[in-house]
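Single-structure report; data block below.
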């Protein structure tokens, strides 16, 4: 069967004036003139589109897409900044748990500014900063027409890069520190992938609460520099995977109690080592698997220490709490308080233009990367 061309698909999609469907949201977007003086004069947008799965830098293309009319329950937003996260790369590769219908616009996170609102929109106004409530909207574009109910506001007095990177990693860190163990000041959390976006957020949020963190990173050429940077963020201890397996860990636990909570973003042997150091009744929470190896739980840890092994996916949490606006609002407000107080900062970011997407995607795929690639529009 012959598939319709993208051009004909766009023509059919943009004839609608009603609410934008889920598939329309993923595929298409909008753009504004640089002076933002006339929305009606704008006819198209620029977006990073992919039609099949594969090597991220090869399947993505920079394209111009038409601008749909703003429906009564929709808003026109200009994207300000949108990061490249590991989950975005997994979507491009076709290995993520949820995959949009193709063709799709890349990116699941970012901050935008509302430029026009539909007649029935009461929750948003022109000028508001907003981030997506859920994954799949497609944030790597200059602008979009989206349903107002799919967005949540952020205060405009926080840095743009903090806003752009708030919805995934800090939210993941916040929920894992809140939902699995009743942590109090003086308690300990141990984590691998400590230099990741989630890991950095864990360090800072825990430090703000007086919670010790033992932070495990891979050995690398810039080990001392990275260790110093994580320590400056509030890390109590920064150690390598090799140190985690050595007897001197006993000395470390003289300065802080054994952890109640272990956060695993790696899997494999690294996760097993985290389990080994948990106190009795503690929890191992897995949120990632960069090693692409299964989590192996020793029988002794289950029998003699009664450890709990759990998983966490922030996308599922947001979907489970889709109708609980207060829960999402409270979490975002708490994180913004930390940002304003200088206790939670965005990861080190490299700002890139959309047209430089190939280099940005290639850099995001490199090992030992300590900076996040962020598209700025």
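Glycine is no exception: its Cβ is also placed from the backbone N, Cα and C atoms.
What Swiss-Prot says about this protein:
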- 1-52: transit peptide (TRANSIT)
- 96: active site, proton donor (ACT_SITE)
- 169, 195-198, 218-220, 287-290, 312-314, 372: NADP(+) binding site (BINDING)
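Everything Swiss-Prot records as a feature, shown here on the structure.
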{"residue": "96", "record": "active site, proton donor", "DSSP class": "coil"}
{"residue": "169", "record": "NADP(+) binding site", "DSSP class": "helix"}
{"residue": "196", "record": "NADP(+) binding site", "DSSP class": "coil"}
{"residue": "219", "record": "NADP(+) binding site", "DSSP class": "coil"}
{"residue": "287", "record": "NADP(+) binding site", "DSSP class": "coil"}
{"residue": "312", "record": "NADP(+) binding site", "DSSP class": "coil"}
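On a Cα basis, the residue listed as 'active site, proton donor' lies 16 Å away from residue 169 (NADP(+) binding site).
For residue 314 (NADP(+) binding site), the number of other Cβ atoms no farther than 10 Å from its own Cβ, over all displayed protein chains, is 21. Rounded to a whole number, the C-alpha distance linking residue 314 (NADP(+) binding site) with residue 96 (active site, proton donor) is 14 angstrom. Residue 287 (NADP(+) binding site) is surrounded by 21 other CB atoms, counting those within 10 A of its CB over all protein chains shown. Between the alpha carbons (Cα) of residue 196 (NADP(+) binding site) and residue 96 (active site, proton donor) lies a span of roughly 18 Å.
Around residue 198 (NADP(+) binding site), a 10 Å sphere centred on its CB holds 26 further CB atoms from the protein chains shown.
For the recorded positions given as 96, 169, 196, 219, 289, the lowest number of other CB atoms within 10 Å of the residue's CB is seen at 219. Residue 312 (NADP(+) binding site) counts 17 other C-beta atoms within 10 Å of its own C-beta, drawing on all protein chains shown.
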